[in-house]
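Single-structure report; data block below.
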Amino acid sequence: MKNLGLFAAILFSGYLFDAGSLFKTSFAFVIFCFLSSAAYLINDIHDAHKDALHPIKKNRPIPSGKLSKELAKFSAIIFLTLAFSMSLIFINEYFFLICFLYFIMQIFYTYKVRNIIILDALLVSMGFIFRVLAGGFAAGVSISSWLILATIGLAMLLSFGKRRSERTILSASGLPLETRETLARYPDSLLDSMISTSASFAIITYSLFTFQVSPQESLGIVKRFLPASLSNPKWMMLTIPIVIYGVARYLYVIYEKKEAESPERVLLNDKPLLATTIIWVFCIILLLYIFS
């Protein structure tokens, strides 16, 4: 689900329904699925003995024994071969470079950084940025610096929120935090502060991004009904309240429902958050593609 971030560049640049751009981005999405799958397999192989003690991660294929480490290693090699060859042959060298850097970062995270507080969350956040950049490079469209900053804020919120929830889940299960070394080094006060800062940063940068990306001309369909004072409004800013609610709902899930251990699981299982995401995407398409 994280790989859907590759579509952000064409969504906000107005090329979502351009056949060529959509095809290239979709192909890049498939490549990144191979790449991220290989990275996750390597990570799960490395952490299998610790994940077996985790109340949720113990059900993953490798820790549970459903998938052998030998088969996982073979699958990772196949996925990597497909990802790198396809990215260079069918996309371009810039996309290949992003793929290569993303994989190196994932390996560096798995073997070196995952037990270094703050830096571990920042490196995970970089994965989201690489996905947005990869989508832009694949389709050959420009990427707003404000979109990158908003992505950083959202990624940091998800990363620190996940760690806060993991601490809660392990404590509630009576398991030692040492099943994930870095969690034992995170005080709750630091995580709460970083979550608050990331949430504020995400909302502010997204608000500035909507000001930049809003259509320069008034919405053609409704222009005749608008007063002169609204002849050139920044319509994308109408989506800001939706984003504020979405962020607030995610914070509620972290602190009250205590279910944010996996951002993907949160989005699929929390109906208000899922509905908010769907409405947000619908409004963006409406404002950037239909009414502009």
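In case you wondered, yes, glycine gets a Cβ from its N, Cα and C as well.
Annotation comment: TrEMBL describes 26-43 (among others) as transmembrane segment.
The feature transmembrane segment is assigned by TrEMBL to 118-137 (among others).
Feature annotation from TrEMBL assigns transmembrane segment to 143-161 (among others).
According to TrEMBL, the transmembrane segment annotation covers 190-209 (among others). Sequence-distant neighbours of the transmembrane segment (190-209) (same chain, 6+ residues past either end, Cβ-Cβ under 8 Å): 117-118, 121, 144, 146-147, 149-150, 152-154, 156-157, 160-161, 163-164, 167, 237, 240, 243-244, 247, 251, 254.
Residues of the same chain lying 6 or more positions beyond the ends of the transmembrane segment (235-252) and with a Cβ under 8 Å from any Cβ of it are 157-158, 161, 195, 199, 202-203, 206-207, 210-211, 213-215, 219, 260, 266, 270, 272-273, 276-277, 279-280, 283-284, 287-288, 291-292. Residues or ranges marked as transmembrane segment by TrEMBL: 235-252 (among others).
Sequence annotations record features per position, and here TrEMBL assigns transmembrane segment to 273-291 (among others).
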